[in-house]
């Protein structure tokens, strides 16, 4: 054509370039490009566009760019072609640069432009602020509802965690194709909204959209994460129906599903039938086997993976190391360590963390420390693992050293660093260090981090600093159930049960769903205040929330019903628990013991022994306490022997409960011996001994011990002062008692409670200072309760003061009109002041109001059997012998001066009774039975449910003299030790 002198035009060159593009002749195309330049057609836009197509087609981005740069005019399609060419080569930032040039040239991008730019953003992993700017341009150019643009936008928002924004874009779409649904479903699944992903899949199916393999992959993943394994199996059937069972990524999702559900038969079947396996395939199955403890199978699969030519990645090795760590397979773990060195994977962050975790969990801390020191990467996870390791060993010094080294190395702690060391501080009670770490938390900006705050709340709550814990909780903006639960548990642990239940209710009002620990703590709080009805409501809530079979809740329910005295309900709750542990048994035992069902507590302990569950310190403390409360010293001593055998005798709690046992059983010398043999004592130890001495009438010893307690710098508490003031009461130290009350607030910072004021009223009343006692009550800073008025009324009975007695009785009847003690005490005053008509009126009032006096009962143990007696009891098999012996005994003591006090006998029949041998109080019968049944070398111990009357007290003094025996009587108020005609209370009780 040229030889004939015919000049080519633009169309000729376009046809020639198309031919070169089709044939792939690069040399010819470049020659043509040269002719175009010589001919002056390089300014033709259509021809330039065709040249760009050619260069992009052969992958010569530089050649295309040169042509593009010299184009006089560029169409949108030309811009899009250039952008698409760079996108294919994954030069994402060049794509973004082109887009900026396009906007600067005032070219209007179309939907294809934005679709390419958004894919480039995804590939370049640009700052999300840039994506938002592009999104604004999308709105500006009118493509906000175009599926071609919105589909990649949904994907970008989802990948960056802005799932609500992604959903908003999805809902505004003018039409949705399968890509739109896949993007949104995948976004939900990847952002922890698995349930929404499944619901959206159902909507997609209803809308008639044909599912794709990618959709099934996302929904199967969501079902696996949610634990909806049955749904996953149904989806598997649909996968098979639509012919996607040969797709590798769908099979990988199915492998993960069946591995997580521990259905390894199906998992292995899918694996065997797969046409092509990739690294994800092996990782899914290896990870599933590792997590379920099948480390041997996981390692075998690893060998198969190597034989198939696939190289394991970091996820593979990390899963295998996790498998070895879970079964403490240290040798296999070390082999994998060697493999990572050979494969050059050792420097990977995930591998480093997994290796360190392996050595820590296999208790090879020396190797762990050596490996830790050998790492060069600034991986904060490794430091955290070491903090956890030393924390589990209870080595606070090493934990703190690691923490300090971390600061020196310039590594910034993360949200897992602080909890690691704070938990160690909590478990070891190192509050000073914990508070220092808290200061560091604030300085580094983690004071509002939910994870860190939950551990801080737990630390302060467990150690009684509840106000600080509550302040941290109040500052939290997120609804974190762990933080709220820690606070509730702290209140319950420190017996602030009402506060715990209020907070539990507030948590629910705020829409925070409780977990099993929250329900368990709330139930414990109900048990603490015996709120049975509220406990039942919380029980129902826990059941509805899916925690019906939770062990911690089951144990709390056992404790609740036992503490509330609901024996059958407690047994029922106990029987429901499948895997009963020590806490289950202890909850039943301690609950019965604390609710006064001591015999049932001891019976459960016997059942616990038969079941093979080993008793711990808490168990022994509960059963010893139960023995103490029923004064069963023989069984208590057996428990003492077992405590020694099991090595718990060195524990402070064991020593404390044994002191109480011996004190309550009348063996105050044994209590003192136990106190002296304790290697370490706390305030409970001192309180138990002071209270014991006080109850036994050794007031001066109790006060001497209190002074020694202060010299030892042991801080007294409210319980201490109850014992001290009671001691003053029992030995008549009026001024000293008043001074001790004053010292509570002035010297020890303690606010006196009603029980302390009651002790002072008792001190004044016993001393006969009844007017002073009345004035003291009227001037008290608190409103007097029934206990205080009852104490004053009792003193008036002893001292025959009718005026103040009636005054006290009036207030007492207003507070507790159904309490029989008030009527009885007032009747006593009328009797001793010979106001018989008034006494009869009082007794008639009792009948009219249906108030029944508690009958007097006394108990004595003889030859492993407990014998109970009522007033005038003749039901005992040896009743004739007992009454005959009493007749002789009364004769003997009458000869040495005993005279019956008839004013101590309150019933009409008692007043009319002339023969003192016929109508006899229960303690006399019990003592007489003990005297004829027990060896002369054994003290006679009797328990009475009411206060010993004046006549019986005087009678016992004479009996101890003529029988030459030691008599120990525990009444409702204190112990009386009778020996040689005298009582330890010195007639002051």
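Even glycines carry a Cβ here, placed using N, Cα and C.
TrEMBL annotations:
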- 75-109: repeat 'PPR' (REPEAT)
- 177-211: repeat 'PPR' (REPEAT)
- 278-312: repeat 'PPR' (REPEAT)
- 379-413: repeat 'PPR' (REPEAT)
- 449-479: repeat 'PPR' (REPEAT)
- 480-514: repeat 'PPR' (REPEAT)
- 581-615: repeat 'PPR' (REPEAT)
- 682-716: repeat 'PPR' (REPEAT)
- 897-989: domain 'DYW' (DOMAIN)
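Long-range contacts of the repeat 'PPR' (449-479) within the same chain, counting only residues at least 6 positions beyond its ends with a Cβ under 8 Å from a Cβ of the stretch, are 415-416, 418-419, 422-423, 425-426, 429, 431, 434, 438, 441, 486-487, 489-491, 493-494, 496, 499, 510-512. If one looks beyond the repeat 'PPR' (682-716) by at least 6 residues along the same chain, the residues whose Cβ comes under 8 Å of a Cβ in the stretch are 652, 655-656, 659-660, 662-664, 666, 668, 671-672, 675, 722-724, 726-731, 733, 736, 748, 750, 974-977, 983-986, 989.
In the repeat 'PPR' (278-312), helix, strand and coil residues by DSSP number 26 helix, 0 strand, 9 coil. Secondary structure of the repeat 'PPR' (75-109) per DSSP (helix as H, G, I; strand as E, B; remaining residues coil): 26 helix, 0 strand, 9 coil.
Sorting each residue of the repeat 'PPR' (480-514) by its DSSP state yields 26 helix, 0 strand, 9 coil.
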